[in-house]
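Trainee: First the structure, which I've put down as structure tokens, then a few questions once you've had a look.
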Amino acid sequence: MGFRILGTGTALPERVVTNDDLSEFLDTSDEWISQRTGIKTRHVCTTDSLDDLATRAAEEALSYAGVDASELDLIVCSTTSPDHIVPAQATAVGERIGAACPSFDVAAACAGFIFALDVADGWFARGRARRVLVVAAERYTRLMDWHDRSTCVLFGDGASAAVLGDGGEGFISVHLSTKPDLEVLEVPGLSGSSPFNVSEPRPCTLSMHGGEVFKYGVTSIVQEVRKLAADAGITPQDIDHFVFHQANGRILDSAITRLGIDGDRVVRTLADTGNISSACIPLALDKLVRTGELAAGEYVAMVGFGAGLTTGSCLLQWDEKSAGAATLAKTPSDLSD
Ligand code: UT7
């Protein structure tokens, strides 16, 4: 049994920080950040907790889907920047929305939403779920070294969610991969205060070799889109919407050129939000849903990549019961043209 996406929702903190705001305390400029990344602003938590954002995104998605929290069979949260180490971020959402189902987190960095969807797909396939809430919630501003201009200008906070229902076709294709390399992008865990620990504490802040992640991002998008299209017996040009991880506008530009796809089909949200890790993909999908750009019959390809180095990609075909589906735009004969 497959699934379809019934509803989506997003929550961003109110505080918007511009590139000029950052240049007040960092040796940087709006010109550098805009040109090298495409980011103009990011939303950052001030008084909001990640529980607040994740819950708001979940409630929006549930309301869009017309699903009550009591109907949920599973909550999976994708996060690597949770409010709680114990219990799971998903469990905090479950408590706030009044759900009584199992809940746990998935940690696959910026590819986490696709990994979480794949976990949910397994529950549908085994007949264990009819309704699943997948939330991606990230508060990377808590993981930044705010003296490091090469990383802290890139990230923001936010949460986005999708409610899945049984009965759809599910994945046409899905691929998950990890090429283990901790050096490229890492946030060490907490050192704690054990009286027995004698090793040197490491700061719990993000360090990254940006150029390597950049190349990995472009290569991942290109390879994954080609694989997804080949699995479906179509070409990349036949795919109607591309929802890629939003790390850098130049990564998107380079992938678009190499794939020879129409840039207008690639959703872009990073100018307003920056990189919100695993929340980027559901947020971009929510934008497509809410702006009425999705029609039944259309193909949607998603690719996430990041720390790990980890990649997740999937191809879905929207149907008339999927979130935001406009009237049937394509018949099977249109698709084979
Ligand atoms: O979600 C996945 C995780 N992250 C990513 O996907 C990030 C992928 N990587 C990138 O987006 C880019 O590699 C960066 C935006 C991180 C860096 O861009 P770049 O074009 O690769 O710049 P660079 O690291 O080669 O640095 C070029 C120069 C350096 O100065 P020098 O050595 O040439 O004098 C940097 O110190 O730019 C300097 N620089 C900055 N200057 C002003 C680095 N950050 C900044 C800054 N403002 N914020």
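Cβ atoms here come from the backbone N, Cα and C positions, even for glycine.
Since we're looking at a predicted model, the values are computed, not measured.
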Trainee: Of the residue ranges 146-150, 166-170, 246-250, 331-335, which one carries the region 'ACP-binding' annotation in TrEMBL?
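Mentor: Here TrEMBL associates region 'ACP-binding' with the stretch 246-250.
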Trainee: Where does Asn275 (active site) sit by DSSP, helix, strand or coil?
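Mentor: Where Asn275 (active site) sits, the three-state DSSP reduction gives strand.
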Trainee: Round to the nearest Å and give the CA-to-CA distance linking His245 (active site) with Cys110 (active site).
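Mentor: Between the alpha carbons of His245 (active site) and Cys110 (active site) there are 7 Å.
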Trainee: Between Asn275 (active site) and Cys110 (active site), how many Å separate their Cα atoms?
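Mentor: Taking the Cα atoms only, Asn275 (active site) lies 9 Å from Cys110 (active site).
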Trainee: With helix taken as DSSP H, G or I, strand as E or B and everything else coil, how many residues of the domain 'Beta-ketoacyl-[acyl-carrier-protein] synthase III N-terminal' (104-179) land in each class?
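Mentor: The counts are 25 helix, 30 strand, 21 coil.
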Trainee: By DSSP assignment, list the helix, strand and coil residue numbers for the region 'ACP-binding' (246-250), in that order.
Mentor: 2 helix, 0 strand, 3 coil
